[in-house]
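J.: Below is a structure I'd like to ask you about.
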Amino acid sequence: MSIKSTQNKSDEMDVGTHKEKESADPCDNTLNEQCNEKSNIDANLYLYDDELETRPHVSTFISSLANYENTIPSATDQDSKTAAPSARMGTLIGVFLPCIQNIFGVILFIRLTWVVGTAGAVCGFLIVLTCCCVTMLTAISMSAIATNGVVPAGGSYFMISRSLGPEFGGAVGMLFYTGTTLAAAMYIVGAVEIVLTYMAPWASIFGDFTKDPDAMYNNFRVYGTLLLLIMGLIVFLGVKFVNKFAAVALACVIFSIIAVYIGIFDNINGNEKLYMCVLGKRLLKDIPIDNCTKSDSLLSDIFCDENGCDEYYTNNNVSKVKGIKGLASGVFYENVLPSFLEKGQLIAYGKNTVDIENMAPSTYNQIIADITTSFTLLIGIFFPSVTGIMAGSNRSGDLADAQKSIPIGTICAILTTSTVYLSSVILFAGTVDNLLLRDKFGQSIGGKLVVANIAWPNQWVILIGSFLSTLGAGLQSLTGAPRLLQAIAKDEIIPFLSPFAVSSKRGEPTRALLLTIVICQCGILLGNVDLLAPLLSMFFLMCYGFVNLACAVQTLLRTPNWRPRFKFYHWGLSLVGLTLCISIMFMTSWYFALVAMGMAIVIYKYIEYRGAEKEWGDGIRGMALTAARYSLLRLEEGPPHTKNWRPQILVLSKFNENSMPKYRKIFSFATQLKAGKGLTICVSVIQGDHHKITNRAVDAKAALRKLMDDEKVKGFCDVLVSSDIAEGLSSVIQTIGLGGMKPNTVIIGWPYSWKKDGSESWKTFIQTVRTVAACHMALLVPKGINFYPESNHKIGGNIDIWWIVHDGGLLMLLPFLLKQHRTWRNCKLRIFTVAQMEDNSIQMKKDLKTFLYHLRIEADVEVVEMMNSDISEYTYERTLMMEQRNEMLRELRLNKKENSKIVQTLVDFKETTGDDKLPLVQTIVDHHHDVTKTSSKVRFADPTVNIEEKHENEADGDEKVKTREAEVDTLETKMENGSTLNMVEKGQSEDEKPEKHIMGGTNRPDEVNVRRMHTAIKLNEVIVNKSQDAQLVIMNLPGPPRESKIDRETNYMEFLEVLTEGLEKVLMVRGGGREVITIYS
């Protein structure tokens, strides 16, 4: 912090002013700029000056935390003034009352009596209790999550997304949004039902809806659409009005419930207001109570025609039954048992088939069941009555102490509402007649609302109160749903929702509101509360289930950050809540449950595929870590069985001068080999000092990661900085991986520049081959990698496998794995093996076909016979070229300065004519004149002279000069035309030329090298002859020399070059010393 800011703080605190002013004194005008910079630092903290950018002072850190806001700003009204800082709300105003308002809804007034009458007192009590248990268990889990840090607005979406990850969070967030939107549709349809059925039936525009249910639902659709447009306009224009109306709606709900309770006890002995007309045991509708007698012509006109009267009408009497009998009447015992009906059956006392089945051609004025009822269906219809428990957590930013208020307020609200619901079940069953409870729309009492006629002082208190409260709940849903959608869109986890993240100039989510209205309209077109309620129950049950899952996962994983202040939770309760949610979903409506789960799965996979790039420290990552730990410990118990072996690949990549991977197609090959599955680790080693080139290493890793993504390599990458490349590669091979997930196969590129002067790539290559072999890992060396196909190409042709030696069966397995990828899928396999003179080639071919049959691998088989032949002159010449090159390198191994001088001299010499070449020879001779060791003249000496004696006797200076002349002349000739025979001729005078043939005497090269060169040449001739046009040639990689001698190592590289000459794409394979393929199942 600066001196100015320090002084400002000291003016406020009056502490340490003198010391802060003196902190600038040590830096006078004679000091450098560094001292001026340090003057901005507290004198007591100079020691930590260098790290202030990444490690700020504790005071700065705490200050940033104190000013941190993690809430979504609420929508503001266009004409509203800048609000003063609002007073923080307590538990009652901030959590309890909003939850009460959201939980009590339209179902309480228009469906609870029907649920009680249909299910009976016992089953009705269990229905309500089950729903309340779900919300209570969810509230306990939610309280634990909500008190484990700051929870911003967004309710279950934010809690689940930050607990279970963006995939689950996005999926459940969309379900929560859909459920909230459909809840708005249910509230609107419920409000229209209250008005048209109980307040203004004359407003029907489709005729008498009491006789035609379709007319009633069409009325709901039309008036619901109009009401939705009006409410949508209110939400768009007046958020301030919506917030104020919420208080009015809450007051209406509370007053209405109090009026119902007073009315129940006021009518303890029943009342004479409501009477029903009953024919036998069947309930009749639209019959004035004064006309409820057989002597009245009204009933006879309904049930009789010219053919006679209805049989049931004839055999039964008509009676008047009091609707509200009161608690003292003992009607409770009549309402204990359930009365579930199928659609089309008649509402009647008991379950006698004669009474409930309609045998007549017409229903007349008898009330029929409009829906098939069951215990589980009624749970689905009633469940929306207990939703709304997230209202308190949505306001966490406005609470004085959210950690305390959310658990207490939410749980108290659930206890209060549960008490009201459970007591209402008992009181309704003990007050109202069974037939009237089951009359869903009150048609038997002239289209009146049963609850309204129980209330005190009259029915209009309930009608107006329920209508206003339903409107308020609908407005709250239409206000909250768009903001939830906008919050999901702003998290950028679902790309196609990005347009809905935009706000209007007033901060309103206008686009999200329009989409919400469209979805809500689709719900209104269903036109039936009994269809909407189970559907939106699915979405809320999914949300609550995931809240319980989040709490259980966090508790079981025991993540260090899981420290909720709310202590009264347990993972067992959360799992019970999750089980209840899933069970209720499928018991209520399995097809709606599948729709909700299918929607969640689609969104989950979409986010996983396109958008989930957020890291929120969620529990699913913790679950993955726990599962990985468990699996790794299990894998550590022993090596995998041959049937379970699969290549876990380590790709060793080299960087070019631009810090980019040199061979891009080596990554494509790794992808094709894995066919998108398995573990792949890509590593590069950079030479240098780590703390000096850290940024370069980070950039290199980013480039490596990008290339892996471009080539669709599924795996991990890393960059190692080492002072020596070979040692770095050795360290990587030995230590990479974890437990049983260590790579078992290494892919390394071929060192194309190994023949260049000064190149050490061949040393690194051979050391890596030895390290891989010592670690018992398989090795793949693709040569001609730039000619390999791209992963998005498809090729046809042959993949030829040259099976020279058995190396664990890897040569058989690799082409099979390659053919799993679409690039190589159309290629055919051809397997070649080599037969010696003593082998039966016919039997070999037969046995090999049988072996492939048992391996379930389809391939053509060919046995190539290699006859014993004399070693050709070309073989000797090629071997001599190799050995002479090694001899020259050994004799001319100088220090860096001398090498550079010689190279420059040779370059200059090449530009001169042939007559001017003598100065070059003289220069090199002079340069080596002090060297006591002379070169071996094995290629140029007489065969009868002992080599060692000749070395000892050659003391003459002229002879040394001749020797150097021979060396230099040989090197020049090799550079110019590469002919070994010319070297021999140029390296000697006419008198020194050998009299014998090149293959005779001391001109003969080392026999071991000749034999190996002979093998390489003959094999190469056969392979080129058979496989020159193959798309890929796979062959065994010969083992490196055991001795770490330069001659042997460079010879090894030369043998590999000869073996693969004339082949465009070669994959050399060396097994890890174990079987990787088996014929057994």
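Just so it is clear, glycine is given a Cβ too, placed from its N, Cα and C backbone atoms.
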J.: For which of the residue intervals 367-386, 507-526 does TrEMBL record transmembrane segment?
T.: 367-386
J.: At a C-beta cut-off of under 8 Å, are there same-chain residues at least 6 beyond the transmembrane segment (90-110) that contact it? List them, or none.
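T.: Same-chain contacts beyond the flanks: 186-187, 190-191, 193-194, 246, 249-250, 253-254, 256-257, 381-382, 384-389, 391-392, 395, 398-400, 404-406, 408-410, 412-414, 416-417, 420-421, 424, 449, 451-452, 462, 466, 469-470, 472-473, 476, 529, 533.
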J.: Give residue numbers and ranges for long-range contacts of the transmembrane segment (568-585): same chain, 6 or more residues beyond its ends, CB-CB under 8 A.
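T.: The answer is 130-131, 133-134, 137-138, 140-141, 143-144, 376, 379-380, 383, 537-538, 541-542, 544-545, 548-549, 551-552, 555-556, 592-593, 596-597.
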J.: Go through 116-137, 176-199, 245-265, 367-386, 535-556 and flag the stretch with the largest number of C-beta pairs under 8 Å relative to the transmembrane segment (406-430).
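T.: Maximum Cβ contact count belongs to 116-137.
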J.: Mean pLDDT for the domain 'Amino acid permease/ SLC12A' (94-264), rounded to an integer?
T.: 85
J.: In terms of Cβ proximity under 8 Å, which residues at least six beyond the ends of the transmembrane segment (535-556) contact it?
T.: 134-135, 137-138, 140-142, 144-145, 148, 156, 159-160, 163-164, 168, 172, 175-176, 178-179, 182-183, 186, 379-381, 383-384, 387, 523, 526, 562, 569-571, 574-575, 577-578, 581-582, 584-585, 588-589, 592-593, 595-597, 600, 619-620, 622-623
J.: Which residues, given as numbers and ranges, are at least 6 beyond the ends of the transmembrane segment (220-239) yet have a Cβ under 8 Å from it?
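T.: Same-chain contacts beyond the flanks: 75-77, 185, 188-189, 191-193, 195-196, 203, 205, 471, 474-475, 478-479, 482, 508, 510, 513, 517, 520-521, 524-525, 527-528.
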